[in-house]
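Listed in TrEMBL:
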BINDING   THR61, VAL225  pyruvate binding site
ACT_SITE  TYR152  active site, proton donor/acceptor
ACT_SITE  LYS182  active site, schiff-base intermediate with substrate
Amino acid sequence: MFSRPTSNSMASPKKKLQGLVAATITPMTENGEINFSVIGQYVDYLVKEQGVKNIFVNGTTGEGLSLSVSERRRVAEEWVTKGKDKLDQVVIHVGALSLKESQELAQHAAEIGADGIAVIAPFFLKPWTKDVLINFLKEVAAAAPALPFYYYHIPALTGVKIRAEELLDGIQDKIPTFQGLKFSDTDLLDFGQCVDQHRQQQFAFLFGVDEQLLSALVMGATGAVGSTYNYLGKKTSQMLEAFERKDFSLALNYQFCIQRFINFVVKLGFGVSQTKAIMTLVSGIPMGPPRLPLQKASREFTDSVEAKLKSLDFLSFTDLKDGKLEAGS
Ligand SMILES: CC(=O)N[C@@H]([C@@H](O)[C@H](O)[C@H](O)CO)[C@@H](O)CC(=O)C(=O)O
């Protein structure tokens, strides 16, 4: 079952997590059970069709907090097993309301040979100060002392508004395995200051608002974790490449094209359920419905997106001519 050897050594920075990281969907059957049978095919799709070799499992997109602990363990195992020799890094989100559950999942991630763990702030009984949040994160990180640890900042969903900049101040003294930040928020002042104040430390700064990634690259993002990289991975990579080449005008054109699609779905009502529907349409792999309390994407949504995808020749950027942005597509 477990595919990679475990290690008892302290976390070593090894390969830095960078570039695109797909926040994986948890495929489900029509009756709400996890559909493990398509995960192997999903890995191949990400690698071959989207060029994405890093994944973030059991996060928001993966409905991690809607799964039981035993399901989360099995999902993590399946991704690690199926990703062996194909994926570069598999990071498991192990955040939970219960510290014990989070520690169990962290330890399990280490046992199965995952490449890192990430944790959100607990969001029912909440930590109200930086020190309390750090103490919680530290206890989880200590359960997997050989794994790189990432803090997953998503204040709009957790309701924990402690600024990331504040949290990062002195974090490695408390959490020696701290390796980076997954920043799913639009506050670029906070994000920029995280980068600015930790330039020497080689942290990974992973941005999580896909439609604004270019702005975060300017601010110093070293990578990105997001739902759209499941089906827009290749296109977003083109934006990253243009940015690397300092062709900012082309990079902006790519970002605008990506925004047009995201804006289209946002106007229809966009979230995890709709991500499942889009991914099913684009990849042909059945992602199934979400689990309650989420509702399946409507037929109207799926039909509109299908028509849009056809008109775009699925985001082939045919509307991007000679590096110029054409309006209205
Ligand atoms: C709130 C939310 O789901 N944000 C997404 C984005 O990728 C988002 O879907 C995208 O920017 C479109 O708005 C990611 O940050 C979530 C994520 O990385 C995860 O699933 O853990």
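Placed from the backbone N, Cα and C atoms, the Cβ positions cover glycine too.
Curation plays no part in TrEMBL annotations; they are all automatic predictions.
Feature map: TrEMBL annotations on the structure.
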| residue | record | DSSP class |
| --- | --- | --- |
| THR61 | pyruvate binding site | coil |
| TYR152 | active site, proton donor/acceptor | strand |
| LYS182 | active site, schiff-base intermediate with substrate | strand |
| VAL225 | pyruvate binding site | strand |
In whole Å, note down how far the CA of LYS182 (active site, schiff-base intermediate with substrate) lies from the CA of VAL225 (pyruvate binding site).
7
Measuring Cα to Cα, how far is TYR152 (active site, proton donor/acceptor) from LYS182 (active site, schiff-base intermediate with substrate) in Å?
5
Between THR61 (pyruvate binding site) and the residue listed as 'active site, schiff-base intermediate with substrate': CA-CA distance (Å):
14
Count the Cβ atoms, other than its own, that fall within 10 Å of the Cβ of LYS182 (active site, schiff-base intermediate with substrate), considering every protein chain shown.
29
Taking only same-chain residues 6+ apart in sequence, whose CB is under 8 Å from that of THR61 (pyruvate binding site), what do you get?
ALA23, THR24, ILE25, SER227, ASN230, VAL272, THR275
